[in-house]
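Engineer: Positions annotated as active site, proton donor by Swiss-Prot, on the basis of similarity to another entry: E138. As annotated by Swiss-Prot, disulfide bond applies to C47-C343, C214-C230, C368-C379, C373-C430, C432-C441. As annotated by Swiss-Prot, domain 'EGF-like' applies to 364-442. Annotation source Swiss-Prot lists N-linked glycosylation site at N77, N106, N340, N360, citing sequence analysis. Residues or ranges marked as GPI-anchor amidated glycine by Swiss-Prot: G451. The signal peptide annotation in Swiss-Prot covers 1-20 and is backed by sequence analysis.
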Amino acid sequence: MWTGLGPAVTLALVLVVAWATELKPTAPPIFTGRPFVVAWDVPTQDCGPRHKMPLDPKDMKAFDVQASPNEGFVNQNITIFYRDRLGMYPHFNSVGRSVHGGVPQNGSLWVHLEMLKGHVEHYIRTQEPAGLAVIDWEDWRPVWVRNWQDKDVYRRLSRQLVASHHPDWPPERIVKEAQYEFEFAARQFMLETLRFVKAFRPRHLWGFYLFPDCYNHDYVQNWETYTGRCPDVEVSRNDQLSWLWAESTALFPSVYLEETLASSTHGRNFVSFRVQEALRVADVHHANHALPVYVFTRPTYSRGLTGLSEMDLISTIGESAALGAAGVILWGDAGFTTSNETCRRLKDYLTRSLVPYVVNVSWAAQYCSWAQCHGHGRCVRRDPNAHTFLHLSASSFRLVPSHAPDEPRLRPEGELSWADRNHLQTHFRCQCYLGWGGEQCQWDRRRAAGGASGAWAGSHLTGLLAVAVLAFTWTS
């Protein structure tokens, strides 16, 4: 049937099949240009002057980005806007007092937007260079039903507001109206905030911390049967936030591990499905590209200063890299640097465990990008649930001391063997950066399009199919 096809048909069909099976392209990496970024966002600058225990500068060079979440640091590559640093975010404080109206429908969006410029300008003072900008609003959630436990105050006060305006309404009508008013106002606050800050600092990648969430914490109640999978209802609720994903330019899920999950398969599953859900959202809610995903994690377990085990470094940083995240952000608060002892423990952990692993996985992701994707994409695990990672092969590489002043303490020595390349090709595929295509990101679509901006193959697919059909008609 197909033997009589001419070269035009053959080429068109090859392009259609190849482009249709590719992953959507994503934004090229920022900062160092590495396919997988590891950022350090812990206020460890106090360890030297205050506690006489500075961290090793050579260790810190293992991180692509260094920042601090503390108030006094501005113009950083990573900026986190907590609720008191960006506009007038309506919420209830820790003692239940209303701040800026309490519930979003009681806040002033206009006044909030008026204040944004000054706040953004204070923390991000220049347009260049590009960076990550994370809005951390955790007091309420824009989906009504997700405001459970201590967040139920937002539903309760929303119902009271409606009841005060309509005392004759039945309870079910009050609830329905309260939900509508809350969700509409929450959406407006989040959307208009994103639109403003994106227009004001367009080179930064903007999104909300902990969005999307997976709500897969049921290991506490169901340890024996825990799978880590996101409940179907929560996946559906994430899809209700399509308006948020459409306006975001990056996603920032969180995979903080409780010590209950330490060195367990449950810990890996908890992380894996949260990252997979973020990558799903990043992919399905944009027609022509996938949003970059930067995963927040901690160098220690939640609510403590015990460093992650080797297994859990793999389950957090390694799993994120293998699944195709753009990077991880290692976050910590002032509790990491309260004394000489806490700084010493952190310094020892960095030298002994964290830095060697970060160097390993960062370079493994880079070598895979070079070998598999021509340096124009990142490697993504073919089977998301497979137990395979982007690690340097012990038979081909070793980490050796680096004496160059501008390099990390350790660097890889060796090269990929044919067995390494076969392993990568078997277990990983490429996700190309915008403007590149092909199974190995070998096609420069910008050049093929005559200088037009690089868009995903999906935008060309209809045209290619038309070419194929037309050419087949000519040869029939």
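Including glycine, each Cβ sits where the backbone N, Cα and C put it.
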Engineer: Whole-number Å only: compute the distance from the Cα of N340 (N-linked glycosylation site) to the Cα of N360 (N-linked glycosylation site).
Structural biologist: 29
Engineer: In the structure shown, which of the glycosylation sites N77, N106, N340, N360 has the fewest other Cβ atoms within 10 Å?
Structural biologist: N340
Engineer: Spatially speaking, which of the recorded positions N77, N106, C343 is closest to C373 (disulfide bond)? Use C-alpha to C-alpha, please.
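Structural biologist: Nearest candidate: N77.
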Engineer: Return the average pLDDT for the domain 'EGF-like' (364-442) as a whole number.
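Structural biologist: Averaging the confidence scores along the domain 'EGF-like' (364-442) gives 97.
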Engineer: Under DSSP, the domain 'EGF-like' (364-442) has how many residues in helix, strand and coil?
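Structural biologist: The breakdown for the domain 'EGF-like' (364-442) reads 20 helix, 23 strand, 36 coil.
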Engineer: Out of C214, C230, C368, C430, C441, which of the disulfide-bonded residues has the smallest number of neighbouring Cβ atoms within 10 Å?
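Structural biologist: It is C230 that, of the disulfide-bonded residues C214, C230, C368, C430, C441, has the fewest other Cβ atoms within 10 Å.
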Engineer: By CA-CA distance, flag whichever of N77, N106, N360, C368, C432 among the recorded positions is nearest to C47 (disulfide bond).
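Structural biologist: Checked the recorded positions N77, N106, N360, C368, C432; minimum Cα distance to C47 (disulfide bond) goes to N77.
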Engineer: Relative to the Cα of C214 (disulfide bond), which of the recorded positions N360, C368, C432, C441 has the closest Cα?
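Structural biologist: Comparing Cα positions, the closest of these recorded positions turns out to be C432.
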Engineer: For the disulfide-bonded residues C343, C379, C432, which one has the sparsest Cβ surroundings, going by other Cβ atoms within 10 Å?
Structural biologist: C343
